[in-house]
Amino acid sequence: MGSACAQVSAPGSDDALLAARTAVQTGNWDIVRSLIPRLEGHVLAAYPQYWVLRQQLNDPRKPLPESELNEFVNAHRGTYLAERLRGEWLLAAAKQADYATVRTLADTTVNTPQVDCAVLLAMHARGERITAQLAMSKFEPGDSCWSLYDRLQADGVMQWDDFAAQMRNLLETNSLANARRMARYVFDPAQLKTLNGVLDQPMIWLVRQNTLPRDRAGRELVVTALSRLARNDLQVGYDYFERSWARQLPADDASWVRNQFALQASFKLDPIAVAWYRAGEGGRLTEYNQGWRARMVLRQQPVDWRTLNRYIEQMPAAMREDPTWVYWHARGLVAQGAVQEGQALYRSIAGQFNFYGQLAAEELGIATTIPTSSAPITPDELAKAQYNPGLQRAVALFRLGWRTEGVREWNYALRGMNDRQLLAAAQLAHRENLYDRAVNTAERTRDQHDFNLRFLTPFRDQLVDKSREIGVDATWVYGLIRQESRFVMDARSSVGASGLMQLMPATAKWVARRIGMSDYAQHRVNDMDTNLTLGTSYLRIVLDDLGGSPLLASAGYNAGPRRPHTWRSTLPGPVEGAIFAETIPFTETRDYVKKVLSNATYYAALFTGQPQSLKARLGTVAPQTVETTAIP
């Protein structure tokens, strides 16, 4: 392609850049500095300079190189690296209590929770008013946020109740290291030592207590121990709590404990969760737990729509406005006869190109179709994308194989783009074979769309032929790959899955043996033909094992085929596929399944040119007599 992106670097200077990166990895900073002059004029020349300055920021033995930092930021103003360096400079200044510098840098556009906390600490230290609520809204575990909390506790801005509530939230998600850190604000040193036993062996500790302590921290130890019982034997723990402690505890504390038992029961899809949530009404619930309270009502047949809507209406406004709960709220209203109100809610999300937007549209009688594409991108619009400095840097990074840095540069370059600019950038990504960036960029448009970019079909001949050979729906395979790897052939997940269809090594080996692929070797798993053969074969095996349900098979492909068997076995009777999908107990798998089937429905509309039904694709799920499988 004769574009600007084709001339973003020269091979010789690339060698110098690669050598500089190697020197960074080995800690040889003199070599890095010596290579900087050789990179003059290179599109990525700023990177070694940035690496050197970042290293100096992280060296506590040396003062901050303020003149060099200012020079870099001014020379590269508005770029991703300049803004990232400003954020790192801000954090380094906060560690040195240089709050004037922190405030000067506070407008950085590369924000993180730690940067936000450092800015709040600087504001507080300089006499500006900071509320506990604001601090808690920005908090995520990390050095700057812990420093902020230390100061706000010492100055009386944050109170015991603030910290105790957050400790409970961390315990709810089993984030024990962070819960122990938060506990320093809740318990005295002796109680902190006791906390270890409370967390590790809660029943042993509880039976040694004669009565409920009078002090609030002592009571919090009891409440913590009771909540931990829910992670062991649910029914035994709950019965013990109700028998021995429930009447001694303040009502709010007792409700919180009941809701912790209900949450753990929800993860097991145990219908007792509904009764325990009912018993815990009136207590404080995190948004996460509120979601599960609603899901467990959904799973009971027939659905108690009145209770479901009451729970949804108790959610915070932002949570209620999520398409998930807008849809189910609408379903509840219609089921109770409030048809006009329900349809108004359907209409509020029916234009969204997502799982619940599609389902809401179907409730209004509108099947999934492909929107009319916007006017084609002009050569001038494409040229502007090609000459966009941020996109040029991103393309250069991708060509070097530096995907993480490339994604960051690309996403930063998209900031503030209108729909036409986004579509031009997506087309550029497509031409550069950056399929994941093409999809993600095209998805950002608000009014003008190109679904041929949103739902790319690379490798179409090979994929369609392989799907036909194996006997699986090609649109489903496309929907799955779009979610699994975004068409990045050498994609590798944090758990070791590889290739277009993200196969785990053991799974790939098992499938190869099962289908008689005698020449299989692990190094071939990223080869497109091998990956498609193994991936589609495994998908077909899982599909057959789960009764031909794409919904269950998608869940099995992500979470392992045994789990959908287990989840299906707990059903009280047949349920619509949307309810099964929404009540999958793994957050990742729940999100994955909804996106895969939504994707597949759009791909089917693209392939056929005909309206499609997501609801039909989801089908109905019914419990089976025997729920087991030998498939890994």
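Cβ atoms here come from the backbone N, Cα and C positions, even for glycine.
Automatic prediction, not curation, is the source of TrEMBL annotations.
If you check TrEMBL, you get these features:
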- 386-444: domain 'Lytic transglycosylase superhelical linker' (DOMAIN)
- 470-569: domain 'Transglycosylase SLT' (DOMAIN)
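The domain 'Lytic transglycosylase superhelical linker' (386-444): residue composition by secondary structure is 44 helix, 0 strand, 15 coil, according to DSSP. Break the domain 'Transglycosylase SLT' (470-569) down by DSSP state and the numbers are 62 helix, 3 strand, 35 coil.
Looking at the domain 'Lytic transglycosylase superhelical linker' (386-444) alone, the prediction's average pLDDT is 98.
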